[in-house]
Amino acid sequence: MAETERLMPNGGSRETKPLITGHLILGTIVACLGSIQYGYHIAELNAPQEFLSCSRFEAPDENISYDDTWVGQHGLKQCIALTDSQYGAITSIFSIGGLFGSYYAGNWANRYGRKYVSMGASAMCMVSSLLLFFSNSYLQLLFGRFLVGMSCGTAIVITPLFINEIAPVEWRGAMGSMNQVSINLGILLTQTLALKYADSYNWRWLLFSGSVIAVANILAWLKVDESPRWLVSHGFVSEAETALFKLRPGTYQQAKQEIQDWQRSHGHNRDPESSEETHSGPTLWQYVTDPSYKKPRTVILAILSCQQFCGINSIIFYGVKVIGKILPDYSIQVNFAISILNVVVTLAASAIIDHVGRRPLLLASTTVMTAMSLLISVGLTLSVSFLLVTATFVYIAAFAIGLGPIPFLIIGELSYPQDAATAQSFGTVCNWLATFIVGYLFPIGHGLMGGYVFAIFAAIAAMFATYVYKRVPETKGKTTYSEVWAGY
């Protein structure tokens, strides 16, 4: 592939920021409901672990028998006896399902459109949430978590892709970071509901709530148009012009001109009868094996994998259990506070990401995470609760300002527009593999090494900071592939 000068997604003037329209806000919010589902389900097993697995009994009302509750009356067990390894498998198989969903999501999105693939993912999320709610065995929980992982794996590809395609370049960083904000909102929602439902009678309602979010997302998509970039790439030019006109503050003629600029930048002017395969981008296998994709592929692999290998999901998956060893009476409350902090700092990052840039935030984020991982290790090893909680809060804040929002945002910015869906799938698959490895191995490593396991995360974060400094280009405000990769 010749690295010719082509416009990146939403290329345009960088002089002033255009106004944000109501349809742009609506489209971003609806797309982000998919990320909220991802965040919700990735953390839903954190708080109720001991109650679900029969390790702890806590009745919300001593005067009411479990058999008198709705779930008890309908034959649902009070708990499902699980070993730590079985619970680890249920937690981590979410990542395997997510890997499958992400693997196919790019091709599905290219073929059927961003909107309808996202709606299908939400439908699967609704069904799998209900399956988890009604589960009475280890195998049922495994199957439900695999399915919900598939749906979330699809959603986490579509959300940043759709936002990147509808946002003006001047707002790309701020709006793209809403993906991570939404993931954190999903995690916060789980922790909020856990304050009420994390007990021996009500833990199933935490699993049921995911279906409510899924139904809301399906209905909300009915109010949003398909991505204009997908429409124009498949020959639906008039529909693309109408959709873009709603997203932009200017006139219909200006929207039409932007569509024509897109077509010229890609060297085609398609009609509806054209083969949709011609400009659908590479397959995932082509992307992985073709040497012409080596530069963006390598950086995407490093960023999306190290986001997990720096240890964030050791807190998201197992934070209640880890902190509970030192603060058993306050572990759920501490995790709730962590979730609030994650949302607040990510929102703050979204306000500065287009001013500061991607590289400085990634460097600051990983450097602080390195130091805090070491302090978490010390706090756990020496049972110093104040040090553990403080270091954990700073660690989460550091993640939220850089390594949280930037990886999924930067994939599209590092890629040609026609490669973006496949690159998004590739990066997300890498992220899922890393998530599975951390989710499965962390409880084993923590059992063998105790707090010293966080020293491993510190070493990885330090190496990744060095890699960012040497290999990751800045993408802030850049509109062409060659401009992004100049000097690399």
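Cβ coordinates are placed from backbone N, Cα and C, and glycine is handled just like the others.
Note that the structure is predicted; figures quoted are calculated from it, not measured.
Annotated in Swiss-Prot:
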type	residues	note
TOPO_DOM	1-18	topological domain 'Cytoplasmic'
TRANSMEM	19-39	transmembrane segment
TOPO_DOM	40-87	topological domain 'Vacuolar'
CARBOHYD	Asn63	N-linked glycosylation site
TRANSMEM	88-108	transmembrane segment
TOPO_DOM	109-121	topological domain 'Cytoplasmic'
TRANSMEM	122-142	transmembrane segment
TOPO_DOM	143-146	topological domain 'Vacuolar'
TRANSMEM	147-167	transmembrane segment
TOPO_DOM	168-178	topological domain 'Cytoplasmic'
TRANSMEM	179-198	transmembrane segment
TOPO_DOM	199-204	topological domain 'Vacuolar'
TRANSMEM	205-225	transmembrane segment
TOPO_DOM	226-299	topological domain 'Cytoplasmic'
REGION	258-281	region 'Disordered'
COMPBIAS	258-279	compositional bias 'Basic and acidic residues'
TRANSMEM	300-320	transmembrane segment
TRANSMEM	323-337	transmembrane segment
TOPO_DOM	338-344	topological domain 'Cytoplasmic'
TRANSMEM	345-364	transmembrane segment
TOPO_DOM	365-390	topological domain 'Vacuolar'
TRANSMEM	391-411	transmembrane segment
TOPO_DOM	412-419	topological domain 'Cytoplasmic'
TRANSMEM	420-442	transmembrane segment
TOPO_DOM	443-446	topological domain 'Vacuolar'
TRANSMEM	447-463	transmembrane segment
TOPO_DOM	464-488	topological domain 'Cytoplasmic'
For the transmembrane segment (122-142), sequence-distant contacts whose Cβ falls under 8 Å of one of its Cβ atoms, 6 or more beyond its ends: 33-34, 37, 41, 75-77, 80, 82, 86, 89-90, 93, 148, 150-152, 154-155, 204-205, 207-211, 213-215, 217-218, 221
Remote residues contacting the topological domain 'Cytoplasmic' (109-121) - C-beta distance under 8 A, at least 6 residues beyond either end: 31, 34, 101, 151-152, 154-155, 157-159, 161-162, 165, 217-218, 221, 224-227, 230, 234, 276, 280-281, 421-422
In contact by Cβ distance (the transmembrane segment (19-39), the transmembrane segment (300-320); 3 or more pairs under 8 Å): no
PLDDT averaged over the residues of the topological domain 'Cytoplasmic' (109-121): 94
Most Cβ pairs under 8 Å with the transmembrane segment (345-364), selected from 147-167, 205-225, 391-411, 447-463: 391-411
Local Cβ density at Asn63 (N-linked glycosylation site) - other Cβ atoms counted within 10 Å: 6
For the transmembrane segment (391-411): best-contacting stretch of 19-39, 147-167, 179-198, 205-225, 323-337, by Cβ pairs under 8 Å: 179-198
Same-chain residues at least 6 beyond the ends of the transmembrane segment (205-225) whose Cβ lies under 8 Å from its Cβ atoms: 23, 26-27, 29-31, 33-34, 36-37, 40-41, 44, 47-48, 115, 118-119, 122-123, 125-130, 132-133, 135, 148, 151, 186, 189-190, 193-194, 197-198, 239, 242-243, 246
Contact between the transmembrane segment (88-108) and the transmembrane segment (179-198) (at least 3 Cβ pairs under 8 Å, separation 6+): no
The transmembrane segment (19-39) in contact with the transmembrane segment (420-442), cutoff 8 A, at least 3 CB pairs, sep 6+: no
The topological domain 'Vacuolar' (199-204): DSSP-derived helix, strand, coil residue counts: 2 helix, 0 strand, 4 coil
